[in-house]
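Trainee: Below, the features straight out of Swiss-Prot:
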type	residues	note
BINDING	LYS485	ATP binding site
BINDING	ASP715, ASP719	Mg(2+) binding site
MOD_RES	TYR10	phosphotyrosine
MOD_RES	SER16	phosphoserine
MOD_RES	LYS21	N6-acetyllysine
MOD_RES	SER38	phosphoserine
MOD_RES	SER45	phosphoserine
MOD_RES	SER226	phosphoserine
MOD_RES	TYR258	phosphotyrosine
MOD_RES	SER450	phosphoserine
MOD_RES	TYR540	phosphotyrosine
MOD_RES	LYS659	N6-succinyllysine
MOD_RES	SER666	phosphoserine
MOD_RES	SER941	phosphoserine
REGION	1-37	region 'Disordered'
REGION	214-233	region 'Disordered'
REGION	594-715	region 'Mediates interaction with SCN7A'
TOPO_DOM	107-129	topological domain 'Extracellular'
TOPO_DOM	307-318	topological domain 'Extracellular'
TOPO_DOM	791-800	topological domain 'Extracellular'
TOPO_DOM	865-916	topological domain 'Extracellular'
TOPO_DOM	969-983	topological domain 'Extracellular'
TRANSMEM	86-106	transmembrane segment
TRANSMEM	130-150	transmembrane segment
TRANSMEM	287-306	transmembrane segment
TRANSMEM	319-336	transmembrane segment
TRANSMEM	771-790	transmembrane segment
TRANSMEM	801-821	transmembrane segment
TRANSMEM	842-864	transmembrane segment
TRANSMEM	917-936	transmembrane segment
TRANSMEM	950-968	transmembrane segment
TRANSMEM	984-1004	transmembrane segment
Amino acid sequence: MGKGGGRDKYEPAAISEHGNKKKAKKERDMDELKKEVSMDDHKLSLDELQRKYGTDLSRGLTTARAAEILARDGPNALTPPPTTPEWVKFCRQLFGGFSMLLWIGAILCFLAYGIQAATEEEPQNDNLYLGVVLSAVVIITGCFSYYQEAKSSKIMESFKNMVPQQALVVRNGEKMSINAEEVVVGDLVEVKGGDRIPADLRIISANGCKVDNSSLTGESEPQTRSPDFTNENPLETRNIAFFSTNCVEGTARGIVVYTGDRTVMGRIATLASGLEGGQTPIAAEIEHFIHIITGVAVFLGVTFFILSLILEYTWLEAVIFLIGIIVANVPEGLLATVTVCLTLTAKRMARKNCLVKNLEAVETLGSTSTICSDKTGTLTQNRMTVAHMWFDNQIHEADTTENQSGVSFDKTSATWLSLSRIAGLCNRAVFQANQENIPILKRAVAGDASESALLKCIELCCGSVKEMRDRYPKIVEIPFNSTNKYQLSIHKNPNTSEPQHLLVMKGAPERILDRCSSILLNGKEQPLDEELKDAFQNAYLELGGLGERVLGFCHLFLPDEQFPEGFQFDTDDVNFPLENLCFVGLISMIDPPRAAVPDAVGKCRSAGIKVIMVTGDHPITAKAIAKGVGIISEGNETVEDIAARLNIPVSQVNPRDAKACVVHGSDLKDMTPEQLDDILRHHTEIVFARTSPQQKLIIVEGCQRQGAIVAVTGDGVNDSPALKKADIGVAMGIAGSDVSKQAADMILLDDNFASIVTGVEEGRLIFDNLKKSIAYTLTSNIPEITPFLIFIIANIPLPLGTVTILCIDLGTDMVPAISLAYEQAESDIMKRQPRNPQTDKLVNERLISMAYGQIGMIQALGGFFTYFVILAENGFLPIHLLGLRVDWDDRWVNDVEDSYGQQWTYEQRKIVEFTCHTAFFVSIVVVQWADLVICKTRRNSVFQQGMKNKILIFGLFEETALAAFLSYCPGMGVALRMYPLKPTWWFCAFPYSLLIFVYDEVRKLIIRRRPGGWVEKETYY
């Protein structure tokens, strides 16, 4: 990049340039993440390496030089991602989204009070109260949300490893253990099995060293490390060990080539933490909703402002009306309701092992339409398990279930006894100490994955392997290496009827078979003829085709005359036979699917969610697991399957004929975005195998280009860019790395894919329930606003006061609205397609038309009916009320006449008016009963859904009790200007309540009977 030579030309545009720079940097970072790692230290010879880093390959750096480098480069640690200061987080909760609307309302109230105080001698304090209450609501709910998020981030903090890592370095020719943060470039470092690699190392000597690279490359098998340069790609070559991967076995020495943020791991972490996650769908929905509500409020306010001027009110009165209408339109209680709904769901999910870091992420999961899932540990159990054996010329199935409830096989065969003996003896894995009381499958093992699988299998089937090894003491062994691909050991044989030395060997099946001349069948040795070789080949191909890792086993009794007791076996200059052995059988292993996964994948499919597997593993294994868990469903073929069935080359098959598709990482590398889009569009079932972490990011972007809302699961550092880019990143709590947990929005505490599906269901439920809650809350807006409008137009005494509106929004409506968050899912929740964020909004025109235009209008009628009844009982017939307002509200007029000629003083009139306010308020509570019950469902009948929601039933009683308390409690006349009512006045609104219930049940019945009809199109929100 240039050094900014053309800077002076653009001086005036500095501001926009800053924005563009930020954007350009974001795009640059994104491209950086998609690039493969570039470094050349693995290609250097040892001399060049020594010169480049100014170090000594045997004595290491001097202490003084190391101190200089540490001062220059800084500590060997990852820079923590930039955190948002707490006060900023708090302000976001106080002034973000919905809160802003309430703040504006509060300011308008204070403004109105100011105008009244300046112009009237005894101003009413309504607007002052209203402003104070609105401010209080925002502050309380803001604190509540802030507290919730702070709680989640506390749990996050606890994940961080508190133990400072140590590293063994050679300085001044002496070994010393130092804090890993003090390791510098050029240091000579020693690592052994069990250590975490402290920085990026170039290996200069190694002894049987293997590292677990799964968190970086996704390879589940431990990778050998040696001084040899074996691959151009630094991630694949054997002579580089990466920062924060673990050394599983063996020892190695290496020179530090990168530290801290400059390591491969550090680069990914830094770039990922810089990626911006977009706005969550629910935040966008709430913003959309605020626009609608504000639009309606301002439209009504301005309309009536103009109308009141036409009706010859003064300017000041018109402004007060304007503010009153805007404030009456703001659903004050809704902010608290939304926060509580999200919090409840987050708590519910925590109980089901999902930790939600960001409350809004809960809903995002519900609108997910594509899940890109890792294979190892998420879909599978993350432990190699013996799946099949082949002996006595047939395949036997082993039990791969997590609780050993599956199939078993014939364990009495003499061949099985020989096979299990070889698998137990020719095996370096051991159980760690003091685990006698732990179930065998759960025990910790020292050794590599395949050997642990064999150890556990033999321990389950044949009893203690340790006792077997004690009976057959090991004399010598040749460990497995990649050139001869076998492992061999010779043991003392306790059985007196057989020769006293037993040689056992295991390794790559074809290599083992080449060394055999006979085969064991039903305990008898037979010559290995072509027919049996074919049988072996078929079994090997069948097990390999299942994606299993197959090992061959053979043995040989060494004749006593050649190998008497005390014979000195030599493994360097081999003095015992390695040919003409006796083949015993095959054992194949796989990392089996978790028990709950196939069902979870099935649920995703019926919920219209596409599950894509993305793994670093081999295509055959990936495809086998995909078939095992139902990501590739039965009967669906890939291009290769079709080619094999029709016996034609793959190039002749039309890719559109194949529903399923397995894409190899190396093919993905050469694809254009258009080709990737084509695959994502035309195949319903996709597996990406042998992918690099960078490609995971490309796949996520591809899905998002299709308009999908993408959830990604991952546990490695390599997954963090994809986790950050996805609409919702899901990290693993047990196997996950710290970096991936920081990048994710949600953490699965049990690493189980099935928990994601629970999350999807909860996410959809929260969206449904928020809709219901909003529909319920908005409905009462109409009976709150119409009295005000009629008051302006028809000049009648005010039917409902500001204070009473607050009692509804923040009093009686609060608990019922929140209780809808506890409503159970309707029966079709996981059978629907995912919602389309473009068209299916949280608040749409249909919801507004139902709440405002239909149910709200019936409620307003109920309120007005009560109002007219009370005034008529007091002598003011409806016709007499028109135009009465001017005299009614004039405190100096004490002789207003009613329909019967009686005169009313100002005080008497006001008591009747406030009684009307109270009655109108009670009527709204009564019609809200029916509204609450109908809001329980959107499609099902309330009778189908039932009244199992105890909180909702409590809500009904609570709002009624509160209304009664406000009406009958002594002293309310002074405090809130609410007066006691005659019992009969409670019943005025009952018919309207019943009408609402019947009207809505009929509407839902028509929707169920005529799906897609006009009733559904016009009223189904």
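Even glycines carry a Cβ here, placed using N, Cα and C.
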Trainee: Work through the recorded positions one by one (TYR258, LYS485, ASP719) and name whichever has its CA nearest to the CA of SER941 (phosphoserine).
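Mentor: Closest by Cα: ASP719.
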Trainee: Rounded to the nearest angstrom, how far is the Cα of ASP715 (Mg(2+) binding site) from the Cα of SER38 (phosphoserine)?
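Mentor: That comes out at 23 Å between the alpha carbons.
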Trainee: Take the C-alpha atoms of TYR540 (phosphotyrosine) and ASP715 (Mg(2+) binding site) and report the distance between them in angstrom, rounded.
Mentor: 32
Trainee: For SER941 (phosphoserine), what is the secondary structure state per DSSP, taken as helix, strand or coil?
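Mentor: Looking at the DSSP assignment, SER941 (phosphoserine) belongs to neither helix nor strand, so coil.
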Trainee: Which residues of the same chain, at least 6 past either end of the transmembrane segment (319-336), have a Cβ under 8 Å from a Cβ in it?
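Mentor: For the transmembrane segment (319-336), the list is 98-99, 101-102, 105, 108-109, 111-112, 115-116, 127, 130, 133-134, 137-138, 140-141, 144, 293, 296-298, 300-302, 304-305, 308, 313, 773-774, 777-778, 781, 784-785, 788-789, 792, 802, 805-806, 809-810, 813-814, 817-818.
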Trainee: Look at the modified residues SER38, SER45, SER226 and tell me which residue has the greatest number of other C-beta atoms within 10 angstroms of its C-beta.
Mentor: SER226
Trainee: Same chain only, sequence gap of 6 or more: which residues have a CB within under 8 Å of the CB of TYR258 (phosphotyrosine)?
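Mentor: Result: MET39, VAL185, ALA199, ASP200, PHE243, VAL264, GLY266.
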Trainee: Grab the pLDDT values for the topological domain 'Extracellular' (969-983) and give me their mean, rounded.
Mentor: 81
Trainee: For SER666 (phosphoserine), which residues of its chain lie six or more apart in sequence with Cβ-Cβ distance below 8 Å?
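Mentor: Looking at Cβ-Cβ distances below 8 Å from SER666 (phosphoserine), excluding near sequence neighbours, one finds ARG690.
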Trainee: Taking residues 6+ outside the transmembrane segment (950-968), which of them lie with a CB under 8 Å of any CB in it?
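Mentor: Residues 807, 811-813, 815-816, 818-820, 822-823, 918, 921-922, 925, 928-929, 932, 936, 976, 978-981 contact the transmembrane segment (950-968) from elsewhere in the chain.
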Trainee: Does the transmembrane segment (86-106) come close to the transmembrane segment (842-864), meaning at least 3 CB pairs under 8 Å for residues 6 or more apart?
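Mentor: Output no: the transmembrane segment (842-864) is apart from the transmembrane segment (86-106).
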Trainee: So, do the transmembrane segment (130-150) and the transmembrane segment (801-821) meet, by the test of 3 or more Cβ pairs under 8 Å (sequence gap 6 or more)?
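Mentor: The transmembrane segment (801-821) and the transmembrane segment (130-150): touching, yes.
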Trainee: Between SER226 (phosphoserine) and the residue listed as 'ATP binding site', how far is it from one CA atom to the other, in Å?
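Mentor: It is 16 Å, counting Cα to Cα.
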Trainee: Within the same chain, where does the topological domain 'Extracellular' (107-129) have neighbours whose Cβ lies under 8 angstroms from its own Cβ atoms, ignoring anything closer than 6 residues to its ends? I mean 6 or more beyond.
Mentor: 316, 319-320, 323-324, 326-327, 801-803, 806, 891
Trainee: Write down the Cα-Cα distance for SER45 (phosphoserine) and ASP715 (Mg(2+) binding site), rounded and given in Å.
Mentor: 35
Trainee: Given the modified residues SER450, SER941, which one is most crowded in terms of C-beta atoms within 10 angstroms?
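Mentor: Buried the deepest by this measure is SER450.
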Trainee: Taking the Cβ of each of the binding-site residues and counting other Cβ atoms inside 10 Å, which one has the highest number: ASP715, ASP719?
Mentor: ASP719
